[in-house]
Structure formats: structure tokens, C-alpha cells
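This report refers to the structure that appears directly beneath it.
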Amino acid sequence: WHSHLPTNPHLGLVTPPRPFQDSDSDTEGGAAGGEAEMDFLRNFFSQTLGLGSQKEQLLDELTLEGVTRYMQSERCRRVICLVGAGISTSAGIPDFRSPSTGLYANLEKYHLPYPEAIFEIGYFKKHPEPFFALAKELYPGQFKPTVCHYFIRLLKEKGLLLRCYTQNIDTLERVAGLEPEDLVEAHGTFHTSHCVSPLCRREYPLSWMKEKIFSEVTPKCEKCQSVVKPDIVFFGENLPARFFSCMQSDFRKADLLIIMGTSLQVQPFASLISKAPLSTPRLLINKEKTGQTDPFLGMMMGMGGGMDFDSKKAYRDVAWLGDCDQGCLAFAELLGWKPTPSRSPGPVLPLGDLCELCPPQKELEDLVRKEHASIDAQSGPASSNPASSASPRKSPPPAEGEARAAEGQKPQ
């Protein structure tokens, strides 16, 4: 399961990082916060006063086809992916905000003062039981990465992925084959856990936490008996220092942003779309358009100028609306990573042993099937996730008219 972490009920955003007040991370977090403030000021003056990098339209048209041609050109060498809950829902993991199926709609049995309390560090320290009961209910027995995860894997294999910034804590990016250096897990991860005592902070592995959760025992530190919490970011805690350090160096080098499965409502993650140079194209693959804000208000809230898909001034933002897996399959087909009877596939770079198993134009679909079969073989059929089929064709593609409009064509 993962965290498309909730917005603060009062502010509508994640509070700027401020964790255990007596922990060693205060100094590190303060330094990161200072860098973030300076970065905000630089962006503010750059984008409101026209200073710094200049706007240049690098896409020959604001469609998925236009992004494809740019990505196949010499200009596009470093791609950053920004992903959220929407890339994992087809694996059977619920998101947080869907009215009937989302997590918030199903928390009544935990008798919380309000739904967001289950992810607040103050409430957790006093009442950890609801969180661990929820963790057991949602814990992935053997969730399989989705088409989106393996699309990102292919970006890495082809030498295009600069970094994947994820809001999710389900670790499916790791399962799909991304290494820790490929990732910035902005809201933390279930991969490790730590004692909450600032005087102890003993680390525990995923296997230890899983055993405690399924034995219905509140995890307690073996050294000091304080509660042990997975390393996911709760309200009132710092984002990982890696988020800020990578942000400072990565985005100035980005040639393309691919944003998938996120509402861009949670700060400071949402502000990442404004960190790239003003000419860097941005592709959104999502069920609905998001990231659009009033330019001046967006800057004051730290969200840059927002995304612009439809105005006469639009020059770099493209939206493909629909199921994220289907969006990645459509993109892969245009890139030559998916079979198509109407044209020959373009040249691709080697993908290790996979290239010996299947024609290169079928890379994405066959990679999904191959990896899902491997997961099933390791866990046995009883443990496999029924919501995640070995076939990537799970959701119907959007209607042709919807896809065309979603790809950024202007209304007539």
C-alpha cells in the first residue's frame, strides 16, 4: 500500500518539514528548509520578473506525438518522472480521495477524530493502534508493479531516467527494478522502520515490521520499548533530506518531466513541476488535468506558474487524460516499445536479456508479463494479487475523441 499523503485539513498542504523537535534531524532539516526558501525566492524573481532562463518551445505540437518526437531527438537526454497514487491503483492498492473506494471513505471503524489523524505523528505516538490495524488491512501480500512502473524501468534501461520522484510508499518502484539511487521517495517508504525515540532511533527491516503487523502486536523497539514506525512521512515530520538535495541538482538538468497519477495537491511535492527550466516540456498522464493555478497566486504558494494546457500562451504542457497504464502503453507504442501493425518499430537500445526473449517493439508489454510471471513463481499462485493481471491490458483506452482532446489540442 502507499501514501498519496493527505492534505492538511486546515491548510490544504503538507506542513513544511518539522519532525521530532528533539531529534538530530532538526539541523539537517533546517538547512534543507533554508535551501528551499532560497529556491522559492529565485523562482519567484525568475518567473515573475522574467529573469533567468528564457521560454523556448521545444515541442513541434502539444500532443503525445509531439512529446514522442521530442523524446526521440538529441535534445531529450534526461527525464524526470513525478508519480503518485494513480500509478498503483491498477495493482489493487486504493488511492486516498476517491469518494467511494478511497481510503478516507472507509476509516469510520477506527473511530478517528478526523480521517487525516491516522497519518499525524502526534496522534500516532498516543494512539498507534489504528494505523497498524489499517496497515495490516492494506499490506501488500504480493502486489505487482503496474505498466507505469515498468515504463519507468524502461526509461532507466534506455539511459533516459534522471530520477523518479514518488509520493507512494508501496515500494513498487523498487520491485519493478529501480535502484535506490534512481528514486526519491518523497513521502518515505515502508522498506525500513525506526524507533520513534530520538534517543534511540534503532532501525528495523521490512521483514521485522511485517511480522509484527500480521501478529497484531503494536511494534515496540527491542532496545527501549518505544513504538517503531515505518519510515513514511507523517504530518509534523520532515520530508527526507534526499528530497531537498536531489531537487536542487536534478531539475535544472531535466529535459522532460513526465507526471503520472497525481493530483498535485500535496506540498511541497506539487511545487516540483515549477523547478525545471522554463523551456522544459511537461507531460501529464492522469485521469484529469491538474497542476493548473493562477500564475501569481501559484508563485506565492510555491507552485510556480502552474501548468498551462489550453490557453493561447501554452507552449510546453501536454495532458493525456485517462487510465495511467493505458497512457503509458499509448506512449510506448509511439516510441516503438509496443507492437503496432500499421508501421515498423523505431530503433531501440538493448534491454539486457529481455531483447533475446522478444522483439524490441514489444518491450513494455512483454516486460510486464515476464516480471509478473517471475513474481508469481517466487510467491506461488495463492499469494499473487488477483487485482493485477499478467496482461497489461486491464483498463479500456479512452475514446478517440477524448484522447485527442486530452493530448492538448486546442478547442475549436
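Backbone N, Cα and C atoms are what each Cβ position is placed from, and that goes for glycine too.
According to TrEMBL, the protein carries these features:
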REGION    1-33  region 'Disordered'
DOMAIN    57-338  domain 'Deacetylase sirtuin-type'
ACT_SITE  His187  active site, proton acceptor
BINDING   Cys195, Cys200, Cys221, Cys224  Zn(2+) binding site
REGION    366-412  region 'Disordered'
COMPBIAS  377-393  compositional bias 'Low complexity'
COMPBIAS  401-412  compositional bias 'Basic and acidic residues'
Query raised in the report: Around Cys224 (Zn(2+) binding site), how many other CB atoms lie within 10 A of its CB?
Result: 14
Query - Rounded Cα-Cα span from His187 (active site, proton acceptor) to Cys221 (Zn(2+) binding site), Å - result: 23
Query - Any further residue of that chain within 8 Å (Cβ to the Cβ centroid of Cys195, Cys200, Cys221, Cys224) of the recorded Zn(2+) site - result: Val196, Ser197, Leu199, Arg201, Arg202, Glu222, Lys223, Gln225, Ser226, Val228
Report task. Could you check the binding-site residues Cys195, Cys200, Cys221 and say which one's CB has the fewest neighbouring CB atoms inside 10 Å? Result -> Cys200
Query - Spatial separation of Cys195 (Zn(2+) binding site) from His187 (active site, proton acceptor) - C-alpha basis, Å - result: 18
